[in-house]
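According to TrEMBL, the features are:
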type     : residues : note
TRANSMEM : 38-65    : transmembrane segment
TRANSMEM : 77-98    : transmembrane segment
TRANSMEM : 110-132  : transmembrane segment
TRANSMEM : 193-217  : transmembrane segment
TRANSMEM : 223-243  : transmembrane segment
TRANSMEM : 337-359  : transmembrane segment
TRANSMEM : 379-397  : transmembrane segment
TRANSMEM : 418-438  : transmembrane segment
TRANSMEM : 545-567  : transmembrane segment
Amino acid sequence: MACLELSKEVKGKEEDCTNDGTVDFYGMPANKAKTGKWLAGIMLLLNQGLATLAFFGVGVNLVLFLTRVLQQNNAEAANNVSIWTGTVYIFSLLGAFLSDSYWGRFKSCAIFQVIYVTGLVLLSLTTQRYLLKPEGCGEREILCGEHSSTEISLFYVSVYMIALGYGGYQPNIATFGADQFDARDPREKQSKLAFFSYFYLALNLGSLFSNTVLDYFEDEGKWALGFWASAASAFAGLVLFLGGTAKYRHFRSSGNPIIRFSQVIVAASKKWSVETPDELYEGDDESDRKMLHTHGFRFLDRAALITSKEQDNEKNRNQWLLCPVSQVEEVKCILRLLPIWLCTIVYSVVFTQMASIFVEQGDAMKTSIGNFRIPAASMSTFDIMSVAVFIFLYRRVLDPIVKNIKKIKGEGQGITQLQRMGIGLVIAVMAMLSAAIVECYRLKYAKKECRHCEGSSSLSIFWQVPQYSLIGASEVFMYVGQLEFFNEQAPEGLKSFGSALCMTSISLGNYVSSLLVSVVMKISTTDNMSGWIPGNLNEGHLDRFYFLLAGLTILDLVAFIACAKWYKGIKHSGEMNQQVKEDDKCEV
């Protein structure tokens, strides 16, 4: 049934289609009543929760799996986890590229989820049949024996298939969920902004089961059971995703962005010596989502300069010599986003400690209550709880209060996305200082002769609660703000790339963390000292590493503030038309 046709039953009523250009599964304009909105959004949130449960069922305890099953030391295991986690998010760029250029978000999500499920099944089989030898090994007391190179290879193939599948899927599912809401409909626009908060909440709630139940079984050496549960969860998420096919709204892919960017660079370079006039080539795009000309990066404007030869040969213009303003503005937009993005990497270095160094620190503390032992990785539950609480506080309390103070009405936000990201950095500094202070006291009550024994420090693991909670609070401001900011500010054909920028900052944060640990160990290890992060943390100075991260984050905050003040947001022709209408109303 076509949109915009008069209803036969009620005169004057119309069956509207969306205003943002989305289509349904069959390529027809998407019907507002039958597609998208919260029915599709909730299905995607559930899919995200199940996929994340599976991912953290592997990732949250991977550092302990490497030390107990594959016999790696603490520094080596922490580095391998950082590299693996970093690779997960590097693959997000591949997923975003294929989505924006060729496959579209729905197809990309489906394909990468199939790869993801396959990797989880292979990991489960490899662990059960080859890695847990002798039987019952892999828990705190019984370490596993040596493994062949083939068995180790199978393990790494499986975990990097998981990295490819989850990494390629993640930026697309976030953007695909936002696609279900029409940004040009005032009601749906508010839902679209809310979706990113709920998306991040679903991500954290999905990991809650992993960080409690699965974490407990894996910590007791039941690794195969935990991995099979993860595979089952990912498979259920894939089935749910495919089940909502008829309800989804879709944006068509926009072609290869690398070619569009290259055309601008080549065209601008060939006209380097020509002065830029006031009027530039606008192209044939008359849509209200056309990007408007801005005055930054003026050397790129030469790509839109019409020479006398091109003026005479209007029908056969070469795209490698003349580009429309909107295409030039795409390149400018990405160049403006890069400094902001670079400033988020140091935060990701802090964030990644939660999956590695925090776990090793907790494992060296008193982890028992009576006869019950608390798995060190399960402390990230407090991070998840903090995320849930602060998402509610931000949306329902903090932002409305700031809007009232600033007297902002309508769709505006009390705290801008860049301000939220800055607040996230401040809280991250507090988290590192908290972790450093806890480590000082852990060392004070530590038994230096005890390497892996129970209760190597009499300080309770619950002293880690503040550092986990502060990390959770910082995520709500930094990562949710990032998702909204990069998705909103990315050009129309690069929305998945915008989400991938957030994921890639996590990736590079993991690589930088791995490099930083290696450098710190090399510098701090001498003949008389075992380094800041040795196999036996009681002989090291992990507190100094945390203080170092706090200092680096403060420097990053200063750079971020400078970049945020410099940044100029993207503008579309539709926004200017809307502003003109509002101004006309005011004059009347």
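The backbone N, Cα and C atoms fix where each Cβ goes, and this holds for glycine too.
Any TrEMBL annotation is an automated prediction that lacks curation.
Here the transmembrane segment (110-132) has long-range neighbours at 51, 54, 58, 69-70, 95, 103, 138, 144, 147, 151, 154-155, 157-169, 172, 221, 223-224, 227-228, 230-231, 234-235, 237-238, 241-242, meaning same-chain residues at least 6 beyond its ends whose C-beta is under 8 angstroms from one of its own. Simply put, out of 193-217, 337-359, 379-397, 193-217 has the most Cβ pairs sitting under 8 Å from the transmembrane segment (223-243). The transmembrane segment (418-438) shares more Cβ pairs under 8 Å with 545-567 than with any other stretch in the list 77-98, 337-359, 379-397, 545-567. Taking residue pairs at least 6 apart in sequence, the transmembrane segment (337-359) and the transmembrane segment (77-98) share three or more C-beta contacts under 8 angstroms. A Cβ distance under 8 Å defines the sequence-distant neighbours of the transmembrane segment (193-217), meaning residues of its chain 6+ beyond its ends; these are 41, 45-46, 48-57, 60-61, 174, 177-178, 180-181, 225-226, 229-230, 375, 377-378, 380-381, 383-384, 387-388, 391, 394-395, 413, 472, 475-476, 479-480, 483-484, 487. Taking residue pairs at least 6 apart in sequence, the transmembrane segment (337-359) and the transmembrane segment (545-567) share three or more C-beta contacts under 8 angstroms. Taking Cβ pairs closer than 8 Å, the transmembrane segment (379-397) reaches residues 60, 194, 197-198, 200-201, 204-205, 207-208, 211-212, 354-355, 358-359, 362, 415, 461, 464-465, 468-473, 475-477, 480 in its own chain, all 6 or more past its ends.
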